[in-house]
Amino acid sequence: MRVVVLGSGVVGVASAYYLARAGHEVTVIDREAGPALETSFANAGQISPGYAAPWAAPGVPLKAVKWMFEKHAPLAIRLDGTRFQLQWMWQMLRNCTADRYAVNKGRMVRLAEYSRDCLQALRADTGIQYEGRTGGTLQLFRTQQQLDGAAKDIAVLQEANVPFELLSPAELKNAEPALAAVSHKLTGGLRLPGDETGDCQLFTTRLAALAESLGVKFRYNTPIDALAIAGGRIAGVQCGSETVRADAYVVALGSYSTSFISNLMKIPVYPLKGYSITAPIVNDAAAPVSTVLDETYKIAITRFDQRIRVGGMAEIVGFDKNLRAARRETLEMCVNDLFPGGGDTSKATFWTGLRPMTPDGTPIVGRTPVSNLFLNTGHGTLGWTMSCGSGQLLADLISGKKPAIQADDLSVHRYLKDVAGQTRPAYA
């Protein structure tokens, strides 16, 4: 079958790779000059299935109000003048109940755990290298309230059989030796030894090369204007003056997926703006060995070979990609507070990207009401974590195979109107 994949971020490239492995003739189209040049370019570098969780959680609405008055708040909201933003935020608020959080987190962990299995198989099969490390993830708590609040996440981890370790301040140095100097600032940590790290852009670039070796064609610097529709099916992709035709089409355009298919269906994928800095390591002993999550500031600090990536925060501000100096200040403050002297933040590069986020946190992967149109978008901050599993899942669906995991609650159908004309809740 001929398949066109729109988008060459980590999700699009993974889709193309697994489709090619399944025997399909695949073409990837992207407006950029190469793979992983937008949201996948400088993310936090984490593959964290155990920390797969929706931003919509109990207590978040009250926290959001408090964060409005904090200098280093992890969340910021600025109205972008669209009705869609207001609708999306309302849907997110509806998912901030304990019941919905548990369901949403459960299915996110399901996909993320499967995706890690797919990544490990990929690595074993191909030997792909991307400055990867398998040292686990350590979530750091600065208050007793944060530590106590981790109980609900631990319950989900136990239910999903995800291994974890709850560490005291004195035990943190066993996972991250450099934290010994700052353990007095912390109340403990939750470590997931099965999590991994690496350079997502490097991974995507090398996966694209592997896909090319399987026959995938990449068309970069190509405009993606619209889908041509005939007889209730997709008849092609309009790329400037050319129409590219195939048997099936995959939309993996991240935050831009929403507007691109708006004439066909409505999907609640909104851009969640995030930031990162990447600093050279100047003192190996003072740098992290794997990756940590600062629960207070929602910031991840990740070790690459000779660099430290510091990323996080969320701004609900539309498609604004301006770099805000105050956000860089927060990132530098966090890494210098936990790993002082480990990296030279004065020489750090500064980046921002738009994560495609759904209000319930779960991505949209699978079939649509249009028989030959498939979606693979809405992964939020977990694009790399979920990319291989989403790509394999999509390849199975397009190939007519039964997926290895439950997939019906991952598709766009959970958002579409039921027979009574009511929009289904995101967790249905």
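Note: Cβ is positioned from N, Cα and C throughout, glycine not excepted.
Record features, source Swiss-Prot:
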- 3-17: FAD binding site (BINDING)
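Recorded features from Swiss-Prot, shown on the structure.
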| residue | record | Cβ contacts under 8 Å, 6 or more apart |
| --- | --- | --- |
| V3 | FAD binding site | L19, H24, E25, V26, T27, A246, D247, A248, Y249, V250, I398 |
| V5 | FAD binding site | G12, S15, A16, L19, V26, T27, V28, I29, V250, A252 |
| G7 | FAD binding site | V28, I29, D30, V251, A252, L253, G254 |
| G9 | FAD binding site | P35, A36, E38, T39, S40, T204, A252, G254, G383 |
| V11 | FAD binding site | S40, A252, G254, N376, T377, H379, G383, M386, S387, S390, G391 |
| V13 | FAD binding site | V28, P35, A36, T204, L207, A208, A211, S387 |
| Y17 | FAD binding site | L207, A208, L210, A211, L214, V216, G391 |
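Look at S15 (FAD binding site): DSSP puts it in a helix. In the three-state DSSP scheme, G9 (FAD binding site) falls into the coil class.
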